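K.L.:
This is the structure, below, for whatever I ask next.
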Amino acid sequence: MPTMDDILEHIGEFNFFQKQTFLFLALLSAAFTPIYVGIVFLAFTPDHRCRSPGVPELSHRCGWSLAEELNYTVPGPGPEGQAFPRQCRRYEVDWNQSALGCVDPLAGLAANNSLLPLGPCRYGWVYDTPGSSIVTEFNLVCTNSWMLDLFQSAVNVGFFIGSVGIGYIADRFGRKLCLLITILINASSGVLMAISPNYTWMLIFRLIQGLVSKAGWLIGYILITEFVGLSYRRTVGILYQVAFTVGLLVLAGVAYVLPHWRWLQFTVTLPNFCFLLYYWCVPESPRWLISQNKDAKAMKIIKHIAKKNGKSLPTSLQSLGSDEEVGEKLNPSFLDLVRTPQIRKHTLILMYNWFTSSVLYQGLIMYMGLAGSNIYLDFLYSALVEFPAAFLILVTIDRVGRRHPWAASNMVAGAACLASVFIPEDLRWLRVTVVCLGRMGITMAYEMVCLVNAELYPTCIRNLGVLVCSSMCDIGGIITPFLVYRLTSIWHELPLVVFAVVGLVAGGLVLLLPETKGKTLPETIEEAENMQRPRKNKEKMIYLQVKKLDTPPN
């Protein structure tokens, strides 16, 4: 019985239908960017200081410049290792008293300003920014800074739960239905977040976005890889992720034009409602329908693809249903990911590599400290690094295969982190260059794990396998900030040592996976189990045939 890849060879592997569908789903990939990294702009923390009643009036009466006002009325930096008084503490002084002069107004209250009592910012804060963020609106600074960490953690917790739960639903009830539901919930919760009256409601709607958005992105990835033929599968997989990188560039531009977080959230969310039109534009995956023994529906979609591509479906390929109706409908199970030895090995290695990619990708960004004078340019530069990584994958993956470039990219990232530990601080340009090389390596590894993950699982559990394994990157996203900031307090280079070990181990484990270059997507668990042994089976079959032919007749 012909496979879906055999059928695509006749009706078009990447013709008009696949190109159109890829364009639609690439837009979905780009729209995921504001949810994954939008916190950089939505929760930007500007320079701030305690609000002190009476200071603006005194500054106006005395004609102070901003620098003079800060010098006279704001505490200076505190002792090393303590909180920053300039941002979180204020002088316990009544600034409305008329006895205060314009030249060193605190001189009459104490011989040294450091002797003056300090108190909390009970009147709020003043933020040095022309725009707004959730930090400035809800005062998520100083003793409330943990609420910002909770905001980001809620998204990653949502990613984790949604990846596992929605992955099962997509394999059980179909890709298209699940995709449309996630789009609707994501768009609605995004708008509701933009009009949230308080922090609690904003946190709830952000959690809901996390539950559905990443799962929707991965379902789109699964769909496009199942629609195209074998020879184009790796290209569209990489380009689908390049669309995410394009979304990074667009987000930087939109955030620059709209520095107010509510308008920014509205603007990046509203286009998601347009994706509901995919009900008429994107069909269900015929691979999934075949795996569920819904052969009549699968054949209808296959004929639709052939018509859109201007191809005719051979008669020999139109009897798919009659030969498979005796089969049993397959329902995905979490146990299928660990029940058989090869798939169990694939699952464990893929989960570790998803975790590694997330920790190194986010950890290197944090360690490089992209908190310069212009967050828009910093964000733009960090996004541009991802394009050469995608180019290197496209150049090498067909010539060398998946496994070795993937292993090499992990090892380069780990080696770069280890090498930077020994580069002295006065050679900062070299240090930054090496860390950027590591960033490029882990970006390649991140894109490769997405591609290979889908190729190692059979159709009946492919969506579930990708979403369960990728959920480990959400665990990595939750712990990475603590890993970076806690370890640097022990030794500044310790995070790099940890990144190096994790990356090098990931590269070694990748070499234990089978090569998927030139192989059709496995349709059954048995095919997935035999991915590392096709040549051996073929040689055994030839040997038996030769032996039979050599036997003289009686």
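Using N, Cα and C of the backbone, Cβ positions are placed for all residues, glycine too.
Bear in mind that the values here come from a model prediction, so they are computed numbers and not experimental data.
Below, the features straight out of TrEMBL:
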- 21-44: transmembrane segment (TRANSMEM)
- 105-518: domain 'Major facilitator superfamily (MFS) profile' (DOMAIN)
- 150-170: transmembrane segment (TRANSMEM)
- 177-195: transmembrane segment (TRANSMEM)
- 201-224: transmembrane segment (TRANSMEM)
- 236-257: transmembrane segment (TRANSMEM)
- 263-282: transmembrane segment (TRANSMEM)
- 349-369: transmembrane segment (TRANSMEM)
- 375-394: transmembrane segment (TRANSMEM)
- 464-484: transmembrane segment (TRANSMEM)
- 496-513: transmembrane segment (TRANSMEM)
K.L.:
Is the count of Cβ pairs under 8 Å between the transmembrane segment (21-44) and the transmembrane segment (236-257), pairs 6 or more apart in sequence, 3 or more?
P.N.:
yes
K.L.:
Could you tell me the mean pLDDT over the domain 'Major facilitator superfamily (MFS) profile' (105-518), as a whole number?
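P.N.:
Reported value for the domain 'Major facilitator superfamily (MFS) profile' (105-518) is a mean pLDDT of 83.
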K.L.:
Look over the recorded stretches 150-170, 177-195, 349-369 and say which has the most C-beta pairs under 8 A to the transmembrane segment (263-282).
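P.N.:
When the Cβ pairs under 8 Å are tallied, 177-195 comes out ahead.
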K.L.:
Determine whether the transmembrane segment (349-369) and the transmembrane segment (464-484) share at least three Cβ pairs under 8 Å, counting only pairs 6 or more apart in sequence.
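P.N.:
They do touch: at least three Cβ pairs between the two stretches lie under 8 Å.
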K.L.:
Please identify the stretch among 201-224, 375-394, 464-484 with the greatest number of Cβ pairs below 8 Å relative to the transmembrane segment (177-195).
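P.N.:
The listed stretch sharing the most Cβ pairs with the transmembrane segment (177-195) is 201-224.
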